[in-house]
Amino acid sequence: MRVVVSIGGSVLAPNLDARRVEDHAAVVETLAEAGYDIAAVVGGGGVARDYIGTARDLGANEVQLDQIGIDVTRINARLLIAALGSRVDPKVARDYEDAGDAVRRGDISIMGGIMPGQTTDAVAAALAEYVDADLLVYATSVDGVYDADPSSQDEAQKYTQLLPTELVDVVAPMSRDAGASAPVDLLAAKLIQRAGMRTIVLDGADPQHIESAVLDGEHNGTDIIPPDGKDDLATWVHAEQ
């Protein structure tokens with residue numbers, strides 16, 4: 001079974017905490033040892049936003065700001081690589097071909113951003129499609145997909161299950177609202193829809209949530225299930241193993 005995990009920068013490295021990085025690396029290694037082909041895409045988080053904000057004040061244009069964000073994601077990716085064992089490709093993958101080659105030869109592949117204008121949410125979805133992954137997991141700072149931004153609206157309701165088309169419909173208005181925060185961005189949602197990719201959005205602060213979702217199909221997040229994916233997640237996971 002082939003799995004792509006997107007780990008938000010604010011989940012992996014909200015501050016420089018070696019133990020947190022080690023805990024996420026341990027889950028990635030556990031999945032690899034269980035026989036899964038694994039790739040992880042790491043975001044930039046608050047550090048990237050801080051650098052981008054300062055660079056914007058200095059007059060950097062949007063492409064330059066994106067490049068700074070990409071650099072930070074790759075630094076975070078290097079942190080995760082440093083915590084992983086001998087099965088990881090020691091280089092941060094710079095494109096989908098590099099990541100795909102590593103996965104197909106049995107290595108764990110780690111990548112950050114790759115091009116201006118594209119978030120690591122979208123990179124993870126595109127990578128999952130490129131390597132023909134069975135499952136895409138978004139480990140975010142939010143415990144699923146809501147009908148509104150839960151950080152600003154107390155009445156926001158969480159979805160336990162969505163079709164890919166419904167995910168696009170939920171995320172699209174958030175992408176238009178200044179200051180709103182969607183758990184995955186609109187481009188990622190559209191890529192998930194195009195690929196018919198089975199996807200989970202969950203709270204990644206505790207990396208054990210990732211392990212439980214992949215190994216046992218158990219989590220408290222949101223399942224994105226393509227139209228032909230009729231089984232519940234636990235049944236589907238065990239059937240795919």
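The backbone N, Cα and C atoms fix where each Cβ goes, and this holds for glycine too.
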Given Swiss-Prot lists Gly9, Ser10, Gly45, Arg49, Tyr146, Asp149 for ATP, the same-site residue among Thr30, Thr140: Thr140
Of the candidates Asp66, Asp89, Asp143, the one that Swiss-Prot places in the UMP site of Gly44, Ile114, Met115, Pro116, Gly117, Gln118, Thr119, Thr120: Asp66
Residue among binding-site residues Ile114, Pro116, Gln118, Thr120 with Cα closest to the Cα of Gly45 (ATP binding site): Thr120
Binding-site residues (Ser10, Gln118, Thr140), the one with most neighbouring Cβ atoms at 10 Å: Thr140
Spatial separation of Gln118 (UMP binding site) from Tyr146 (ATP binding site) - C-alpha basis, Å: 23
Gly9 (ATP binding site) and Thr120 (UMP binding site), Cα-Cα, nearest whole angstrom: 10
